[in-house]
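Colleague: Handing you a structure now.
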Amino acid sequence: MPKYYHKKVLQISKTSRRKLRRNVSNKFVLSLNLADLCVGLFVTPPELLCTYWTTCSREIQLAMYEFFVYTSLLCLCLVTWDRYKSVTRPLTYPVVIEIKQYLIPILVCWLVPFVLTLLHFTYLLKSPEDQRTGMTAFAIVETLLFVGLPCIVLPLAYLRIVCIIQRHKQQEKRIKDQVDFNYSVTMSAEDVLRETEFSTPNLTVASTRSRAQSELSSVGIESDVERSTDGKTAPLKTKPRHPNHDRSITVLGIVILVFVGCWLFAAYLHFKQSFSKTEAMTHSAHTTMNLSWLFLLVHSALNPIFYGLIKRDIKKEIKKCITCRG
């Protein structure tokens, strides 16, 4: 646990540096890391304190836990939405934006779970039967909004990202093949032109070049080749896709897979405990709840590794910190 907290604080401090604050995606990663840090600080220590040293209200504990866990979930959705927008709308995706353009989504990710936490106290003040009915209703609503909906939307968004990337790769391949073909045609045409200049005595060099140039322009050669200063032609090289971009998309798929696995299993255990016929909290019920929270904590612990350490600028700042440079 101390290593987990140290990793969180280190990554948040690195993301907060001036160079990293220029990038909008780093602001969302910072919010995600802060939420995951709060999950580690305000879920596990209070749970140990209330289990072994003092008696606490379980309902209030769960309300506080859900605030930080759902905040982490919404921040994860925000980071995924940012990646989705950068892939689907690359020309309109803002790298540097105003404060209100990124501050409002971050505030929404923190305020919505806070309001939901306050709603817990509307049924805790009622009779035990009403409390159980309220908890069951909240379990259904929370599971649908914070588990079911993200588990459906995030995989669909990732499939959309993968389809767009594959389509772009196919387009790049077609363009490269077309440029290579045009380049080969150009070289063949210039060889024919060179032979014609020396083998046809009744045609001038200027007229021969004019005819050859008209033939080349008819097949669109001029738009697909570059001419160097020495008069030779060379094919246009398509800009290769950065390997870090493909790696980040792959890691995004791993994050979504881990999220779906952990949250679906936790939701199943939470549903099983909420609709249990037993009134008292038995040892089995405590074990089920602790196991469900363990999966949520594992997911929050993996988020900074998947989302932070794959970013080149964050890794660069961490290396500077380790080597005491800059």
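Quick reminder: no glycine exception, Cβ is built from N, Cα and C everywhere.
So TrEMBL has the following annotated:
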type: DOMAIN; residues: 7-307; note: domain 'G-protein coupled receptors family 1 profile'
type: TRANSMEM; residues: 24-43; note: transmembrane segment
type: TRANSMEM; residues: 63-81; note: transmembrane segment
type: TRANSMEM; residues: 102-125; note: transmembrane segment
type: TRANSMEM; residues: 137-159; note: transmembrane segment
type: REGION; residues: 209-241; note: region 'Disordered'
type: TRANSMEM; residues: 249-271; note: transmembrane segment
type: TRANSMEM; residues: 291-310; note: transmembrane segment
Colleague: Between the stretches 24-43, 63-81, 102-125, which one has more Cβ pairs under 8 Å with the transmembrane segment (249-271) than any other?
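Modeller: Answer is 63-81, with the largest number of Cβ pairs below 8 Å.
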Colleague: Quick one: average pLDDT across the domain 'G-protein coupled receptors family 1 profile' (7-307), no decimals.
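Modeller: Result for the domain 'G-protein coupled receptors family 1 profile' (7-307): average pLDDT 70.
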